[in-house]
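Presented below is the structure to which this report refers.
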């Protein structure tokens, strides 16, 4: 045992070609010149424990861009997204082809008011409305044959005209609107002859206005006449109705 300890001691000492000394526990320092030499190297010690991990190194420089990879597989269809905001109005497109003809539409309402009447007898009373009882047209019944007056039911502009036969006497005829004479016609009878007299006028009427003809003056001015061959007529109709 003593021999084995001496051998181990010799192996632990530094070699003869390295001069060392110690300073503190576990620290070997070179020996000064002239120290003891000739010691043999010791046997290698056991490997030490792993040290603590070092800190992360600095980031490296970016590498070169790699080549484009192959397209990936088509993924599953996603959910429907929210409706986006309306886009800007696009440019005007080209004209389309002409469509088919549509069905006839309803026309605008037409206001109608008209009459045309004639005299059946030459017996008339002066200064009274002339009763024209021979009806040519009175579909809207705006002319009253019992009074000889036209009654306005649609406000607007009207045209009135009369054509009378004159025989045996002179005639004076006036057209009235609301008890006011608006137009006068006088014809002087020529003996042994049949005369014709006429008149026409445009009048604006309101609802409820009345228009008629009458002989004015005494009986000697009542030459209004009608028979199977000669007519005396009174006509009126609406040109256009008021829009306001």
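Even glycines carry a Cβ here, placed using N, Cα and C.
On a predicted model such as this, the values are computed, not experimentally measured, just so you know.
As annotated in Swiss-Prot, 4-hydroxyproline applies, among 25, 44, 129, to 44. Around the Cβ of residue 104 (site 'Not hydroxylated'), 6 further Cβ atoms fall within 10 Å across all displayed protein chains. Comparing CA positions across the recorded positions 76, 86, 101, 230, the one lying closest to residue 95 (4-hydroxyproline) turns out to be 101.
In the structure as shown, the Cβ atom of residue 86 (site 'Not hydroxylated') sits within 10 Å of 6 other Cβ atoms.
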